[in-house]
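Enquirer: Right, I'll just put the structure down here and ask away after.
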Amino acid sequence: MALNVPGVVVMVFFYLMVLGTGIWASFKSKKEIKNSSVDPIDMALLGNRGISLVVGMFTMTATWIGGGFFSTLAEMTYIPSSGVKEAVLVVSAYTTAFIICGFVFTKPMRDRRFVTMLDPFHIKYGKGVACLFTVISLITDFIWVPTTLISLGAVMHVILDVSYTVSIWISAAVAITYTLLGGLYSVAYTDVIQIILMFLGSWLCVPFVLMIPAASDASNTTLHFNTTGGYPPWLGDWEEGSLLVKVDTFLFMVLGCQAIQPVQQRILSSKTSDTARHSCFFAALAVIIFAIPPAIVGGVAITAALSKYAI
C-alpha cells in the first residue's frame, strides 16, 4: 500500500493543533504563576485547582477514552469468545466506576485539598505504605501508556502506511513536549481537542462502515452462527460457567478504576467538589457514547471478507 499523502497531511495538522493548544496552555499557566503567588508545583500537578466544569468534563472523559479504548472494544466485539457481551461488560464497569467516584470520592478528596491520591494513605499509614503504593501506581502507568501509543501506532500504520515505530515516537514526543511545558493545564486543554476529534472521527466512520457490502450480513450473525458465510455470532459466545468470572472481572475493574491517579488528579484539580462530581457523571455517559462506533466496527468486521473488500 502506498503512502496516504492526504491522510498524513491531515494527521500532521491534528498533531500541530494539539501541540499548539498545549503550548498555549503552558503560557497561560506561566502567566498565572507570574501574576500571583501560585505554587509552581501546585500549578504543574493540579492546574492551581482551577479546572472549570467544561474543561473538567472533557479531561475526565479522556482518562479512559483513548487509542486503547477504541482498539480494545473493536477487537473484543470481533473475537467470538467475547463479542459485544464483553464490550458491554467493560463499558458498564467504566461507567459504574465514574458514578461511584462521583458519589463517594469527589467531595472528601477535593475538600481536603490532597495533592495526589496517595496522600490519605501517607497521612493514615505513613511513608512506607505510601511508597509501596507509589511503586504500584508507577507500574500501572508504565503499562497503560504504551498501550495507548501502540494502538495509535497500529492505526496510523494500517490507514496511512506510516512506519509503526515512527508513529509511536512522534506521538510520544508531542505528548511529552506539551506536558513538560504546561503540566496539567496543557494536558487538560489538549484533552478537550482530542476528545472532540475522537468523537467526530469515530462517528464519522460509522456510516462508511455500514455502507460496505459486509454490513448487510452483520444482522444475520447477531445471535446465531451463520452457516452459509461461516461467521460466528458477534454478540459473543461465553463459555458455560464463566458468569462468576465475568462478575469478578466487572468488580475488579469498577474498584480498580478508583485507584487510578489520573482520575483522582482530575478531581483534585477541579474548582470545587461539585465540579468534580459533575465531571465524573458526564464521563460516565460519554463512555457509553464513545463505545458504540468501535462495537459497530468490530461487529461488521466479523462478516467482512477482508481479502475481497480490502478492509
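Glycine residues also receive a Cβ, built from the backbone N, Cα and C atoms like all the rest.
So TrEMBL lists these for the protein:
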TRANSMEM  6-25  transmembrane segment
TRANSMEM  46-67  transmembrane segment
TRANSMEM  87-106  transmembrane segment
TRANSMEM  127-160  transmembrane segment
TRANSMEM  166-188  transmembrane segment
TRANSMEM  195-215  transmembrane segment
TRANSMEM  281-306  transmembrane segment
Enquirer: Can you say which of 6-25, 46-67, 166-188, 195-215, 281-306 has the most Cβ pairs under 8 Å with the transmembrane segment (87-106)?
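Expert: Answer, by Cβ pair count: 281-306.
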Enquirer: Using Cβ atoms only, state whether the transmembrane segment (46-67) and the transmembrane segment (6-25) have three or more pairs under 8 Å that are 6 or more apart in sequence.
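Expert: No, since the transmembrane segment (46-67) and the transmembrane segment (6-25) share fewer than 3 Cβ pairs closer than 8 Å, they do not count as touching.
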